[in-house]
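Asker: Please see the structure below; I have some questions.
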Amino acid sequence: MADTTPDPDVTDIRSDAPRRIRRHSTRRRWVKTLTPWLFISPFIIIFCVFTAFPLMFSAYLSFQEWNPVAGLASMEYVGLDNYRLAMDDPWLWKSLYNTTWLALVSGIPQHLIAIPVAYLLVMAVRSGIRQVYTATFFVPFITSTVAISLIFYTIYSGNSGILNQWLVAISKWPVFSWFLGWVEEAMPIRWLNSSDLIKPSIAFVVIWKYTGFNIVIYSAGFLTVSKDLYDAAKVDGCNAWQQFWNIALPMIRPFAFFAITLTIIGNLQMFEEPYVLTEGNSGGVGQSGLTASYYLYLVGWEWLEMGAAAAISWVLFLFIAIVTAVHFYFNGKKGLGGDR
Amino acid sequence: MKHTFKTGLLATAVTAVIAALPATAQEIRVDGFPPFDTHFDKQVPLFNANAPDIAVTYQMNSHGDHHKLLTTNLATQSGAGDVVIVDVSFIGAFINEGGFVNLSDEAYGAEEFQDGFVSYAWSQGQGADGNQYGIPIDIGPGVMYYRRDVLDSVGGDIDAVINDWDAYIEYGRELKEQGVYLIADAGDVARILVRTTLEDGEGLFFDAEGNSLVTSDRFVNAFTLAKQIRDEGLDGQIGAWTGEWYDGFKNGTVATQLSGAWLLGHMQNWMAPDTAGLWGASDLPGGIYGSWGGSFLAIPAQSENPEAAWEFIKYLTTEEGPQIDSLRDLGAFPVLTSTYSDPAFDEPIDFLAGQQARQLFAEVAQQVPAITPMEGDLIAEDVVMNGALAEVLNDGKDIMEALQDAERLLLRRVR
């Protein structure tokens, strides 16, 4: 950059008119520069107030000890204490274990079910009917999680829940009685009140809710695969299975990558399903349903330790970031279509 | 607290009634949770008869949401009502943090009313500095509700059943043969037992110096008894405020329920109105006295009209009229001992087969030990009474081990 101080000589010889023009054009340039900012300002303002500020505030908070009830002024700087406390907090480790368990057990089946279902929908069902099916599968996804969880809570209920009633009824059918004979003995099965059963019960609700969403993504994926490829494969003698395995599946890799990324992030933040199914009761028996998000909520809002909760949230962030990074490292290149 | 959760999810009732009053009037807002709105619907006009220049509005949220909102309001020092209702389980965590007006200050002079109140409730509203921050508005004397028809079916006698805990468990064994549960959740036995046999000035989980009491005999005995009931299969393992729980009340599949006196209001109004006349109330088994729930009124320091707020609090808590109304309308038990001689206490209660149960509640109320609220109560409640107790009852974890684990967790947190 050159020296920006105005040269007195130059200024002197300028007549009034060009100066006015220059001023005018300066304003115009400013207007031109500012206009796009003005248009995107609603987003920027909302982003700053609801995302950037809370983010920074929580980072700041994680180095403080703060009981919110005592007001903002009561914050006390404690350095890394909250993180140190988090590192050897048995409930945090338990909750991270639960989170991982639930992420895997509720995540993998979603995709294992959604991919074949989507493939069948695309290949074997007429477009109009396919849309009806897809929409139906999608309904659980757009239904309130709390409402769904409350209904499952009733279904799982030990003495009066429909699940147990069904199991008993089925166990009396001729063939089923062979391997469901134990059911009546075991009744009432307390799906949400024994530490072994809480997690599978939660996982089932999550699978039920989100599989439809993945079916929609995978359907869109399979639709992008050109018919020519299948025809060419058929000419080369591929059977139906080979068409699916060698043609369709590799072609939807970007969609799978996208869907899996969403599942990883979503499942690691799981909160509502376990919270409702364990009645908000500190994670259920043996904290078996306590996920990391649930725990940080507990620490912050029930135990009123906002600083500790903020530190846990950053530990959770780090955890999600690492898992996602690993996923990107192994699947990202192909998944993002980088090899094409 | 579970109650909290359910109502919180199902509905958030926000009610505001603004009385039309002159523009010069002072305005105050009360923040609370249902069913206090029903109480205020009736009491605000009565209050205004003597204090026409104070306009009272109120904002009701579910029990759980209300306390979350209050936490946020206190954190940001804005947005709280001029009077707030605080449940007893939150009072320990809230009261010592400087967010409320000191009502012992001579501008308010709360102490002058002290003698009129049930003493244990009054002392729970005191901060660690000995000053009064919360004024009790209702209390929950602990009693046992029992099904009379179920008791008759085994030819039992209530006085014998509650004589001691062995007799209570023996009653459960008889019921088991009939396919009836003694109690919905054995955990309730532990919950009420830890609330009794305290020394005055002790907290539920901590002594006056803040040392943990979690591994003391009080907890071990309470957990042992609950575990015995669970292991013998005498309880239904049914959590409170769930569909199954209500079914138990309706169908007579559960014979007894230990609870605060206030449960009566819920039972007769919506939980099991068709079972009127089938119920009775008694002392808790084993001659213990404990309390279950209760609420306080406090003035947030951020209030701009603390004097008007104090007038309204005084009206609700220190005058007999509204106290007796809340007993009649909500089943909320009065904190003013002078009301206990009111004719309302002699009224037979149809739901309890004509029993004069309020006299029983009043007797219990005056014998409840004073539990000092402590800052770590909320954490301890979760870690000990939800966490450790569930592990002992449902997973068969050793009692001492569970309590020691809980204590370690607790001591890490409560610094």
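Here the Cβ of each residue, glycine as well, is placed from N, Cα and C on the backbone.
Predicted automatically and left uncurated, TrEMBL annotations should be read as such.
According to TrEMBL, the protein has these features:
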DOMAIN    A:96-327  domain 'ABC transmembrane type-1'
TRANSMEM  A:37-61  transmembrane segment
TRANSMEM  A:101-125  transmembrane segment
TRANSMEM  A:132-156  transmembrane segment
TRANSMEM  A:202-224  transmembrane segment
TRANSMEM  A:244-268  transmembrane segment
TRANSMEM  A:309-330  transmembrane segment
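Are these features on the surface or tucked inside, and what touches them?
Answerer: If you look at the transmembrane segment (A:37-61), the same-chain residues 6 or more away from its ends with a CB under 8 A from one of its CBs are 75, 306-307, 310, 313-314.
Proximity of distant same-chain residues to the transmembrane segment (A:202-224), defined by a Cβ-Cβ separation under 8 Å and at least 6 residues beyond the stretch ends, is recorded for 102, 105-106, 109-111, 113-115, 117-119, 121-123, 130, 134, 136-141, 143, 145, 148-149, 152, 248, 251-252, 254-256, 258-259, 263, 266-267, 270, 273-274, 277, 289.
If you look at the transmembrane segment (A:244-268), the same-chain residues 6 or more away from its ends with a CB under 8 A from one of its CBs are 99-100, 102-103, 106-107, 110-111, 114-115, 119, 206, 210, 214, 217-218, 220-222, 224-225, 229-230, 233, 238, 292, 316, 319-320, 323-324, 327-328, 331-332, 334-337.
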Asker: Where else in the chain does the transmembrane segment (A:101-125) make close Cβ contacts, counting only residues six or more beyond its ends and a cut-off under 8 Å?
Answerer: 133-134, 137, 199-200, 202-204, 206-207, 210-211, 214-219, 221-223, 244, 248-249, 256, 259-260, 263-264, 267-268, 270, 274, 291
Asker: At a C-beta cut-off of under 8 Å, are there same-chain residues at least 6 beyond the transmembrane segment (A:309-330) that contact it? List them, or none.
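Answerer: Non-local partners: 58-59, 61-62, 82-83, 85-86, 92, 96, 99, 260-261, 264-265, 268-269, 292-293, 295-297, 299-301.
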